[in-house]
Amino acid sequence: MNHPDFPPIGDPQLKLEALTHRSYCNEHPGTPSYDRLEFLGDAVLGFVVGRILFERYPHFTEAELTRLRSQLVNQNQLAYLARFLHIAPEIRLSQSLARDDGQSSPSILADVFESLLGAALLDRGLTAVEDFIQELFVPILEQWEKSQDGRSPKLVPTMDVKSMLQQWALAKTKQLPEYELINTSGPPHAQEFTFTVKVAGKIHGQGSGPSKQIATKQAALEALKSLGLLQ
């Protein structure tokens, strides 16, 4: 899935603030962190996504709308989007947190996604932020709708975990993940497949499912969790 570009933030100081983790501020006293902008971004994201869902699904109950919104904007989903928008390299962290690969932390990535939304709101206005959120989340909903019965939100909108793992592996090791079928069980009409996934020769995840596609996705998901990229 292609993602739109983040609204450009013309004020360089505002953008720097949106990218600054509080650990960086401990080493650079007087530097503002992204916490206040994250608060603002969280509020506008919840509002805009809530309105999208309200208008798109008039037959959903309040509880269903609330559940779907929480699935769309949870930490893992926002961290996934932040990675594909290439936000991580710009985040300012303390030296120790940077050495520990803090830019890959799902919580930090999700926080910075929201803080940049807050900065964009102040710099570009509500319309630009609304347009960006629409462009970002409506395709996710359209993909999700294809697997639904049109009556209730039964499934979480899924992230492309295999693409996420591939991007991480290429960035860190310059190698593609390797999936290996290690077991097939069950009768021909109800088979169960089990795959492992390796990165740079090391097994990081294993998954099973009724199809090879589902099994490899599960393996990728487990690998992302073991690497600390998802929680």
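Cβ atoms here come from the backbone N, Cα and C positions, even for glycine.
Annotated domain 'RNase III' per Swiss-Prot: 1-125, in sequence order. Mean model confidence for the domain 'RNase III' (1-125) is a pLDDT of 91.
Under the heading Mg(2+) binding site, Swiss-Prot lists GLU38, ASP111, GLU114. For ASP111 (Mg(2+) binding site), the same-chain residues that are 6 or more apart in sequence and have a Cβ closer than 8 Å to its Cβ are HIS21, TYR34, GLU38.
Summarising the annotation, Swiss-Prot assigns active site to ASP42 (among others). The secondary structure of ASP42 (active site), as reduced to three states from DSSP, is helical.
For GLU114 (among others), the entry in Swiss-Prot reads active site, with the evidence type sequence analysis. In three-state terms derived from DSSP, GLU114 (Mg(2+) binding site) belongs to a helical segment. The Cβ of GLU114 (Mg(2+) binding site) lies under 8 Å from the Cβ of LEU37, GLU38, GLY41, ASP42, LEU45, LEU78, each of these being in the same chain and 6 or more residues away along the sequence.
What Swiss-Prot lists as domain 'DRBM' is 160-229, and the listing cites sequence analysis.
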